[in-house]
Structure formats: structure tokens, C-alpha cells
């Protein structure tokens, strides 16, 4: 009996260790915590056991962590939290106990869109609806509607917000939405108040080329593996996720329907610094099955839509957007999206502060607090807040 218990314990220990272990670069600090975090948010085991779809599983995990975090965090230092609607879009508003920080006692404000692959995120009040229940362009339209409502002079006045000091920001998929909304607001003459800054945290900015150097280099780095990013794109676009090989294998950049001028907007051989290109080369077009390749007609139009891929916007649009803060991480499949956008904005005449973390990984900022306390995440928060303090 005792021997059998030891054997079972040994088998379980080996199995759990095998499931958790992921080889990580030496530059990543606290590797064990990152492996545990990755295992916690991975939905493949749950799917294999037939317990639930991976999206509900991860949503449940996030909800549990948020609840525990609120219990551990206690009071919010007198910050008033209210759930309201901005043009029928539910948002959560955080207000400090007193105004200040601007002329006439007016506040600065940040409109923040959460990340989570357009499918995960805040469990109580979200600023946009989530995939797979809805898909592009619903999330974008929710965010744009909320932004326009918030930027109305009457709403800003009610909240004591300085109209000259309003930022739009977001992380990951939220960074995608923030960039797209910033572009549209900047060219919409019907909107009298514009965002003064845009702050993008490891944003996803295009889905045409998932073979950039960062996608190749970091394809299996937690917590955003390359195949997971492809699945998030397909969920967002409302396309069968079994078609993820279509996004992961060859780039769409060689498709004859894409004009060279547009292709140049994400030509990373020109847009990335040599230290990030390293030894990587563009992946050539490989032909897949007729069934898979036949889906190009469904995917290409949305992947070329600047509302989904802000990196593809024309220089004239980029040049009208506000000064920017862009945070990127070395060990992140989305690193090159942010670096290319930095270069394109700068080429368009926009002032950009590029903050790159050589030991950073995707999602680190979100895990700076309980129960993970990643040091790199704490540094990211300080850098982000310091920049807003100085530039907003």
C-alpha cells in the first residue's frame, strides 16, 4: 500500500513537472514563477480532459485571481470606483479623492483598454465586448464609441477633466484598440477634443506576418506563445481556429492582392534595428492545402483593415496622432510590432518614447502585484507612470 502510494505520488510529480517546465532564456528573472504562471493560464490540459473550452477556463482563472487580489489589496486609498455607461458601453471609472494636477483644479485622465486577446479581461465591467461571443469590428466599435462619449466637453466637465490632458492607453490587445482609436479620433473632425498622448503597452498591431524575428525567437516563451497569438487573432476575426496553421506558416505578404506600398508598412527588414533582426530572415510563401489556402479570401480583407492592424495605417494618418509611449519586451512575440510602430510613427513626425525591457516578457506589467510580484513588472509600472506624470 505504501509502495503504491509512493509510485502514484512519483508519477504525479513527474507529470506535473513535465507539464509546467518550459525552457526559458537566462535573462528572464524568476523563471519558476513564470513557468507556474504559464501553466496556470494554459487551457490545453483542460481541453484535453474535456472539462471546458479554454476561454471559459482562463476567464475563470482570471476572475479568481482578481477576487483574491482585491481581498489582499484592501482599500484603494480613497479612490472612488463607479460603474457607468459611455454611450451604452459599460466602463469602470476611477476617481482620486481630490482633483488637482492641472489648472483650475482639473484632473488628467487616462482611458485604458484592457488586454487579453480581445477575448479575456476584466470580469466585472469591461469597456468592450469579448470574443468569441462577438468579433471584429465590435470590440473596436465599442472602444471608439466609449472614447467619443468620454471626449465630449460636457462629460469631461462633469468629471473635472482637463480636455488638454487626456490619454488613451492599453496593453496587448488593448494596445491594439488604443492605437486604432487614437488614429480614428485624430482624423475625425467631428470630435473637438483629441487625445493628447497615446501609451501602448506591448501592443499587438498586425496579424499578417506572424514570422517576424520576435515571433520566431519567442515562439514558445510564456505567457503568449506564438500559436496562442494566432488563435486569438482567429477568435477576434470570427474565423475557425482550426485554421491557425494558415497564420503560422507563410506570411500573407506575398499575396498578389497586397500592393507593395502597403507591404512596406510592415517590412521589418527596414523597420527594425539590426540588433533585433539578428540572424532571422523573412519566411517565404509556402503553399498549404487547397482547403486552408482557400480561406485567404476571408482573412485578408480584415487583416488589411487598419482598424484591426493599426501598423498598416498611412503616414498621413499616423502623423496626426498624438505623441506616444510604446513599451516593448525582448521576450515577447509582439516585440517587433511595437518596435515597427515606433519607427513608423517617428518617420511620420510623431514624438515617441520607446521603453524596451531586455528582461521583459509579455504580460509582465499585469503580474507586478499579488500573487506574483514580478520585479520586471514593478519596473514597468514605475516607468509607465513616470512617463504619464511627465507628459500628460
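Residue numbers in this text run from 1 along the chain shown.
Placement of Cβ uses the backbone N, Cα and C atoms for every residue, glycine included.
There are 29 other CB atoms within 10 A of the CB of residue 172 (active site), with all protein chains counted. For 172 (among others), the entry in TrEMBL reads active site.
Every protein chain shown contributes to the tally, and the Cβ of residue 332 (active site) ends up with 27 other Cβ atoms within 10 Å. The active site annotation in TrEMBL covers 332 (among others).
In sequence order, 172, 202, 221, 222, 223, 224, 329, 331, 332, 333, 334 are the residues near residue 362 (active site), counting only same-chain partners six or more apart with C-beta under 8 A. Annotation source TrEMBL lists active site at 362 (among others).
Note: the domain 'Alpha/beta hydrolase fold-3' (128-252) comprises 60 helix, 16 strand, 49 coil (DSSP; helix = H, G, I, strand = E, B). Taken from TrEMBL, the feature domain 'Alpha/beta hydrolase fold-3' covers 128-252 (among others).
Mean predicted confidence for the domain 'Alpha/beta hydrolase fold-3' (305-364): the pLDDT average there is 98. The domain 'Alpha/beta hydrolase fold-3' annotation in TrEMBL covers 305-364 (among others).
Mapped onto DSSP classes, the domain 'Alpha/beta hydrolase fold-3' (305-364) shows 21 helix, 19 strand, 20 coil.
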